[in-house]
Structure formats: C-alpha cells, structure tokens
Amino acid sequence: MTDQDLDFTIERLGECRFPSPMRKGRFAGDGERIMYHSRFDDMKPYLAAGAEPPALELAGPRERIFFDPATIACGIVTCGGLCPGINNVIRAVVLSLYHHYGVRRIYGFRYGYEGLVKRLGHNPLDLTPEVVERIGEMGGTILASSRGPQDPAEMVDNVEELGIGILFAIGGDGTLKGAGKIAGEAARRGRPISVIGIPKTIDNDISFIQTTFGFETAVAEAKLATYAANTEALGAKNGIGLVKLMGRDSGFIAAYTALVDSQVNYCLVPEVPFTLPGLLRSLEERLTARGHAVIVVAEGAGQELLAATGGRDASGNVKLGDIGTYLRDAIKEHFARSGREINLKYIDPSYIIRSQPANPHDSALCLLLGHNAVHAGMAGRTNMVVGFWNNQFTHVPIDLATRQRKKIDPDGWLWSSVLASTGQPRDIR
Ligand code: ATP
Ligand code: MG
C-alpha cells in the first residue's frame, strides 16, 4: 500500500452529547493523532511540501461521549481460533463498561457469530464483574467460538432487539471483516450501533498494528518446544529437532522464537521460499560440522513444495498442506536413502501454545486494548479496531486493518537478525 491509500479517518455515529462519567485520568483530545511513519526519511516529502503526514487517531477516554451509559446494553462476541488473552480482553471490556461508565447490561454471545443469530438458540451469557472476575487466569474463551458465515441482517435484527449500542468483536481478519459487515448493515438502517473490533491474531499479522495480544505468550511457549527439540537433538547421534509453529501467512512467531532461542539453526517462514534439496544439502553440511540441528518451520512455510489440499474450512480459509510432517518424512527418507543414521524428533505444539493463559505482558496489553475499545465505542466510533502503533493505542478503520496482512520483510531488520542468529544460508536453494 502506498501513502495515498492510507485514509485513517474513523467513522463516527454522531455528536458526543453526554459528559463522560469517568473522573480520573487523562482524556484524549479529539484531534490527537499518532504519526504513522517513524523513519525520518519517510517524513521528508511531507516536510518539503508542508503537507500533513498520515496519522492515526489516538485511543483513550473522551471527555464527552455519544452513548448514554444508563440506557444502552453492550455485547461481546469471540470468533475464530483460540489465542492467549481472549478472556482477559472480555474481562477488561466488562469491567470498563461496568465501572468506568456504569453500563449494567452486557451480553456475552456464545459460539462466535452463531450466537448473534437468534434463530440458532444460543442464549447469551449475562456478563457481570462477578462472572469475569477470575477468567483472566484461564486460556481459551468463556464465550466459545465458531467458524462459518452468518447473515449480517439477522445479526443486526438481534442486536437491535436487545438494545445493544456497542458490539465488541474479538477475532482475526475474518471476524473483523464480519464486524465491518455488521457495522455496514447498522449504518444502512440508520441505527446508532457502534461495532468495535479487538484484533485477535496469535500470528501478529494485522496491518497497522505493531503487536497483537497473545503473540508474546506464544513465543514464550514456543521456546519450550525449541528447548525440547535442542535437548533431544543433542541427546542422539545426528539428532535433528523439528518444531512446527503457527504462522499461516506470516512467520513472526517462528522468527521471534529463533531470536529468543539461539539454538535454532533453521527458521522457515512463508515469506521466504526455500527448496527441499537446498535444505537437505545444508542440513548434511550442518550435521557433518556440528552433529545436530534444530529446525523451526511456520505452518504456512514451503506451501509451494506441497500439493494444494484444495480444501477450505467453514469460514472459507484455505486448508494448508502439513509442512511439518512433510519435512519430517522427507528428511528421514533422504538420510535413509543415503545410508546416514539420523535421529529426528518432531514436535507440533500448536494447540498447547494457543490454549495457554496470557503471560503478564500480554495480560496488561489485553487490559489496555479492552479499556480502549470501550472508550472508542462510548465515544461513538464505529467500524474500527483498537490498535497499537508507535507505542500508543490507536484507532484503525476495519477496512484498512484487513486489506492486507502484515508480513516479514525479507530485506528488513527482523529477517536479517534471524539469519544472523540461526546462521542459516540467506537462500536455501
Ligand atoms: P483466525 O485468525 O483464527 O482465523 P478469524 O477471525 O479470521 O480468526 P474465521 O473463522 O476466518 O476466523 O472467521 C471468523 C468469523 O468471521 C466466521 O464466522 C466467518 O464466517 C466470519 N467471516 C470470515 N470472513 C468474512 C468475510 N469476508 N465477511 C464476513 N464474515 C466473515
Ligand atoms: Mg483468519
């Protein structure tokens, strides 16, 4: 995307007529914005032209709000796969609505967007501070999730019937696109309904958001797997530890895990293609030189090496081929053919990682995202997600956040650091 595509304008439901009941803390000014660019060179054209550079709306409580907290209900829905911290976000939203604004009716919709369709009969939970008190200590989502599309009109019918002013959608790109459709349907009907997304992606692959919740926990848990892989590799002749990590389109978890654990010798990610002969050749050299190797592979890496599955899940996401077991079998077969003894241990910790409770840093991030989502909704913002950019909480239009995925730049500092840490060839071919 070029700078011309960057319209960070956030939709508003209308004038903020009510004074905020929040008394403590600092209010965000209506015009406060955060610079999109942080590199001086990117700013030069704007400085030279005397033009405004692109900037994102700052998140935070507003002095005047759109909704009367005494009269509205709110709803929360969680969709897509699990990620550490979902319950913390639910808790933060409920506590902020209740304590900061005095909202007393908060519906927790069950099983993703299915729960918003009345006809399907999943009764919503009544969320109170008591219900959410300890849920931050638990992984998963107390609301449960689902995949598969629902009709925006049916969902908005239900939202209207329940008197919901703000709907919070916690989920990945699919969920956020769905949330955008709900916001669009409400707008078409001329209803003042705010739809606020809280991006959930363990892969940290949402554009215009520097870190998403759960990512740090995922990397910390992935370290347990690479530790085991290395220990196993050292404990046998020509030991190879192979770990498959999450990362369908973007290899951030694999890349950061390689930086966290410098025992990792190969990091394979979707953004950087490799060939099997190239990998096997390099592995042979590595075993000759060092007698063991640790490989981390992101689930979306090397898809060009596999036959396309042709399958899709209920939400329409392409089913990936299993690069982990493919590499496991290919490496074993290769060395069996060449008559060289190896000992390969394969570890796939994906479900163990994504079901963990959030670590302390992620817990704080979830709390602040949840609070800022509530502030945005109360101030009548809609069709947006709360983000984090240049170390500030921001508002991002859903359309922009979901237009393309954030990926590792193979020419950027992160990948360069991974190459430096693993010592793997720049081109595995
Ligand atoms: P994950 O990162 O775990 O895949 P996700 O939010 O992308 O999270 P999906 O299962 O793809 O998970 O989508 C969640 C919900 O959003 C599903 O109910 C799905 O049908 C709906 N959805 C996905 N894409 C769209 C879209 N383009 N428009 C409307 N709804 C969508
Ligand atoms: Mg998705």
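Quick reminder: no glycine exception, Cβ is built from N, Cα and C everywhere.
Those TrEMBL annotations? Automatic predictions, nothing curated.
Per TrEMBL, these features apply:
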DOMAIN    74-376  domain 'Phosphofructokinase'
BINDING   GLY81, ARG147, GLY148, GLY172, ASP173, GLY174, THR175  ATP binding site
BINDING   ASP173  Mg(2+) binding site
ACT_SITE  ASP203  active site, proton acceptor
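Mapped onto three states, the DSSP output places the residue listed as 'active site, proton acceptor' in coil. Around ASP173 (ATP binding site), the same-chain residues six or more apart in sequence whose CB sits under 8 Å from its CB are THR201, ILE206, THR402, ARG405, listed in sequence order.
When the record's ATP-binding residues GLY81, ARG147, GLY148, GLY172, ASP173, GLY174, THR175 are compared pairwise by CA position, the greatest distance found is 13 Å. Of the recorded residues, GLY148 (ATP binding site) and the residue listed as 'active site, proton acceptor' place their C-alpha atoms 21 Å from one another. Only GLY172, ASP173, GLY174, in sequence order, out of the binding-site residues GLY172, ASP173, GLY174, THR175 have a CB under 6 Å from ligand 2. The Cβ of ARG147 (ATP binding site) has CYS79, GLY80, GLY112, GLY174, ASP313, ALA314, SER315, ASN317 as same-chain neighbours under 8 Å, each 6 or more residues away in sequence. In the vicinity of ligand 1, defined as a Cβ distance under 6 Å, the following of the recorded positions ARG147, GLY172, THR175, ASP203 are placed: ARG147, GLY172, THR175.
Just so you know, of the binding-site residues GLY148, GLY172, the Cβ with the fewest other Cβ atoms around it within 10 Å is the one at GLY148.
Look at GLY81 (ATP binding site): DSSP puts it in coil.
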